[in-house]
Every structure is written in structure tokens, then in C-alpha cells.
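Here's the structure, in C-alpha cells; my notes come after.
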């Protein structure tokens, strides 16, 4: 069921800066969404428009089919977990979590029970009487979540909520956020600039840049089939080469022709080819390309190798085994590992093209 | 190590110089003589005269009343003013308003006092308690604004968003989030306004009429006829009272300090 819809939303500030250009998003209930983009891409502006802190310059916002574009933030069934948590420093944990219910003058017994449940959901039982200043970053984060879910919102917005935590805690909270979302069964909209975070948690990701949505889809779709080189570069590491389409399922790059899985592109058209570094296998027999190792970094779970091929392109390769610097290595990849991108193709055009030849396959 | 001792000596020297005049005054309040030339035997006489001097005691009470009332009203006006200034979007207008506020802070009391006198007489406003109260409020407001503004800037604006998000009306945002966050600034602003009002002489001197006078003006007019040791006795009592107040304030802020920083600000 569609719970939130952004219909041609545009935001232009007084100084002429256009933060959002014609955004159309449909959010379904009960799913985990991520708005992913670099800083200044407009992702937080979208969040603030949904929450009601910022008014769009044009366009409409619908909540469960009703137009709430002009509705006050305090009257929306949407709650927010802020980037810096925004916990009230003069109140303790209990009072912070109870804030939303106390405003509604609910009976004390009800408030006590609900606060207890909320604290249990975020695994902070027994912390009710602590002061905010006594809590660690991760605990403050949980209090902020408990405070936001106490009003039983239909949608929870999370603004870069994990960015202030250290790496281990962040990983832990990713799992927990996902678990909380599953448990409550409500929609989460998570704003982040961290692609790993978005890939790990989301049902669906919206990739934003320069106030427009570049691509939306499941984490796997976005990772495997980026629609343009911005998405390819922003999500994960990648080797992006310019190439030429020879015919359907055959593409030329790095001076050679390869079988690939893409079609529907005019033969002879200039394209960009994406190869993920972890899809490249170092092989001694039957290599598709040969190159010379320039440098190598050991990153714990894998080696990051940089190597230059005959055409002078610098490749990035992830390998579980190390190589020697200066060594000549052969590279192997499958046709499916090659992803061909047309220059300037939009997401709709890409989806339409995919339909044409993938449809043929299925028949 | 030697340097350490000298810094202590210097510190106590400064303190001694600061407090010496007050202790000198207190010392002579117990002298049975009629002036401060020589100490002549211990006596409580000046304290007895003081407590029998109904006029001076009445003036003391009125001065305290005036200080409390003017600082209270100035605190309310100043806090609202600070919020209004902080909410001004255009930076030019904001700077202008702040400058106007600061001009009042730095301009000499004599000028402020004289201008109030001219204003009140032009308007035909009779001089008395009301005129003194109004002028005390007027010179206290800028102080409160200056004390509250930093707290307002320090405050995380997302706290307001968070309260709105949880369903707070504008009034609830003000009373439950904004005011608690500003409390340290408001309290120190009020204390400053209180002390400014208590010890103001110049402005008050201009705008007191015949019927009403404050302690500083009264002591000044008495001192013109030669210092009476009754004034010493009064000063001693006020000094002890202030010492007590500061002690209480210190205790309160110490306790609050353990729990976060709800009050504090003036002494830290």
C-alpha cells in the first residue's frame, strides 16, 4: 500500500539555489527505504519536506492518499530521528521518551507502560532514570529512536542517524535498525551518504545527486546495473571504461571485443562499461586481459590491487590472494560481469530497454 | 616552586586591595566615635540608630522592591527581545538591532538619565516610583538580551524541530524546550539586572522626584552633610546579606552542576 507520495516536488530557496528538481517518489508502507547521495544532493531536504519542517516550492505531498503539503509538522503521523539525536538535555531518558505522550496529556499509567515498551524495543531497559549526558553515542541514538516511535508513527524518518557512531557500533546499529523496523512493521526512510549502510539495510534505495533522483531500485539492482557513471562511482568501487557497442551482446573496450549481457543499443554507439573490482579474477590460464601490477594494499579481508593494461587504463582489482608489484597478471571475467551504460540514458529509458531484450529471453 | 608562591602572594594582594575598603567600612561601623578618623571603643550604637531609622529602612525595602520588579519585567522583555532578534532572517537588520542594543549598554548613565528626565518632563509624566521603575527596566533590558542571546545561539535548533515533530504546539515548544534551554542565560541576566538596578545612582538621581528615593541616592545626599556611621552599619548588613546570597547561589549551582547545567552561568 502506498503511504507517502511526492508528486513533482521542487524546492528553490530564496537565494535562488534549487535543492530539488521535480522529485517523484512513491513510498509503500512497511518497507525500509534509503535516500542515498553525497552532501548537497537534496536528500535531507526531501526528508524535511516529508517531516514538515520545510515547505516545497511546488508540488504536492500525499500521506495515505491525503494531501498534507501544508499540514503542520506537529500534526503529521510521521516522526523523525535527528542526525545529532536532538535529545532534550534538561530531561532524563524517561522524560525524553515520554515527551510526545505527555504533550497529549495521556494518563500516567499509559505513559509509563509505553515508555517501558519503547525502551525495551531499543534494548535500553533499566536506563529510564539516566541523564542524557551520562549516555554513550549509541545509547543516545537508541533513546532518540524510542522517543520517535512512542507516538506510533506510520513512517519513521532517520536523518544520517548512524554517521556519528564509530564503525563497529554502526554495523551493530544497522542490524538493530533493521530488526526494529521488522518488529514495528512501519515504513523507515533512512537518509545516508554511506552506500554500504544503504545497501545493507534497504528494501529500496533512491540515489540522489544535484537535486534529482538518479536511480531507484533494490540494492542488488543498483549495484549490478547502475544507470549512469555517477551511480556506478558512488555505489561501490568500479572500473569505468569507455567503449563501443559492436552488436547486441558484444562490446568493445580496452582494445578488444567481449561477449556481454546487454542489448538494445545501436551498433557502433559509444558507451561506458562498468566492471566491479571483485568480479575480476586473477588467472594464469586463458586470460581475457593482461596487465602489470602497479600497487597493492592489504585491507584485511582482501587485497586491493591497481594494475595498468596495454591501453594505459588503470584497473582496480579485489583479490583474496596477493600478487607481486611489477608482476604481469591475467584477468578473467564472465559476460554477466560486464555492465554497459548508454551515455545520458535516464532510468525510465534504461528500464524500457531492459524490458525489450530480457522479455525475449523469458519467452 | 618559587614562582608559584609569588603568584599566590600577588593573588592575595589583589583580593586584599579589593576588599580593604569594605572591611575598613565594617570596622568603623563598630566604633563609638562619630567619624572614621580614629576607632574609639566597640559599640552597637550605630546599628541601633539604623534600626530606629524608619525612613532609611523604608528606602532600603523600596530599593529592593524596585530592583526585583524592574529586573523581573526586564527579564521577560529582554528574553522575548533576544528571541525576536535571533529570529530576524536578514543579517543586516539583525546586526542593526544588536548594535542598537549595545549602544544602550555602553552609553554613559548620565546621558541615559538626562534623556529620561527630558522625556518624562516633556510628556508631563510625574517623577516618582513609576518613572524610576520605567528607566530601570529600560537600562536592564539590553543586559538581559546580551545574557540570553548566547544561550539562544548555543541551542541546537533541531531541538525545536524535534519538539514540533513530536506534536508540540508553538506554545509548548516555547515553554518546554526553549525556556529550559535558555534558563541559565535568563537567570544570569536577571541577577545582572538586579545588581544594576540595586547600585544604580546616575540614572535614578535624574528621574527621582520628591516623593521617592533609592538607597544610593539617599546615601549620597546624606554623605554630603558628612558621613554618618549609620551608613557604615547599613553597608555592613548589606554586605553580609549579599555574601549569604552568593553562598546560596553557589550551593544551588553546585548541586545543579552534578545533574547537568540547568542553572549556573553567573558564577562559572
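Backbone N, Cα and C define each Cβ position, glycine as well.
Taken verbatim from TrEMBL:
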| type | residues | note |
| --- | --- | --- |
| DOMAIN | B:60-249 | domain 'ABC transmembrane type-1' |
| TRANSMEM | B:9-30 | transmembrane segment |
| TRANSMEM | B:56-84 | transmembrane segment |
| TRANSMEM | B:96-119 | transmembrane segment |
| TRANSMEM | B:125-149 | transmembrane segment |
| TRANSMEM | B:170-195 | transmembrane segment |
| TRANSMEM | B:233-252 | transmembrane segment |
| field | Maximum Cβ pairs under 8 Å to the transmembrane segment (B:125-149) - stretch from the list B:9-30, B:56-84, B:170-195, B:233-252 | value | B:56-84
| Are there at least 3 C-beta pairs under 8 angstroms linking the transmembrane segment (B:170-195) and the transmembrane segment (B:9-30), leaving out pairs fewer than 6 apart in sequence? | no
| note | Residues outside the transmembrane segment (B:96-119) whose C-beta sits under 8 Å from one of its C-beta atoms, at least 6 past its ends, are 81, 85, 88, 125, 127, 131, 134-135, 138-139, 141-143, 145-146, 200-207
